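Colleague: Below is one structure. I have some questions about it.
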Amino acid sequence: MPSTPRRLVRRAVWLAPLLALAGCSALDGAASRLSTIGGLVTPYRMDILQGNVVVREQVQALQPGMTREQVQAILGTPLVASVFHANRWDYVFTFQRQGQAPQRRVVSVFFQGDRLERVQADELPTEEEFVSSLDVRRKAAQPPVLEATEEQLKAFEAKAPAPRTASPVPAAAEPAASPAPAAAPSYPPLEPR
């Protein structure tokens with residue numbers, strides 16, 4: 001019998017790390033599941049805007065034969081100006097917003113010597129389109145109509161039962177004088193005395 005407790009201890013020594021290892025693999029996606037609290041509440045993730053915003057109007061303003069200084073005045077400082085590709089400037093723009101697909105646009109400007117040769121660009125938005133894409137406020141819905149039409153009122157009256165009234169009191173039983181005013185309501189004090 002003395003070997004049985006030793007076997008139990010030996011098994012426990014082997015079983016504990018295996019259970020811990022299995023628990024670690026089960027917790028692999030737990031952080032992402034807990035961060036959304038069942039998908040109801042998500043943590044705030046700030047917008048990440050990197051690079052140069054280049055819009056369609058800026059690219060249309062470029063003309064072959066412009067100098068590097070003129071191109072830089074229109075587009076700004078290039079994000080990538082490689083030593084190995086001295087005749088090429090790259091303007092890369094990335095924008096990440098929570099709940100939306102990341103945006104990435106690349107504009108490459110090629111020079112022949114010191115003069116602009118050609119421009120290669122992704123599909124670019126106009127300045128107005130880009131600014132409107134930044135607006136994250138919810139669009140106001142059409143406000144509800146607060147007045148009922150005559151047809152709606154008639155339909156409501158047809159559906160609603162007529163209110164019950166008390167049985168009419170005979171004219172002889174009515175008092176000649178108007179009833180006494182009701183007593184003012186009595187409220188408890190706000191603070192104890």
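Just so it is clear, glycine is given a Cβ too, placed from its N, Cα and C backbone atoms.
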Colleague: Looking at 35-87, 141-193, which one does TrEMBL call region 'Disordered'?
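Modeller: Spelled out, TrEMBL records region 'Disordered' over residues 141-193, not the other listed ranges.
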Colleague: If you run through the domain 'Outer membrane protein assembly factor BamE' (51-119) with DSSP, how many residues end up as helix, strand and coil?
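Modeller: Helix, strand, coil within the domain 'Outer membrane protein assembly factor BamE' (51-119): 14 helix, 27 strand, 28 coil.
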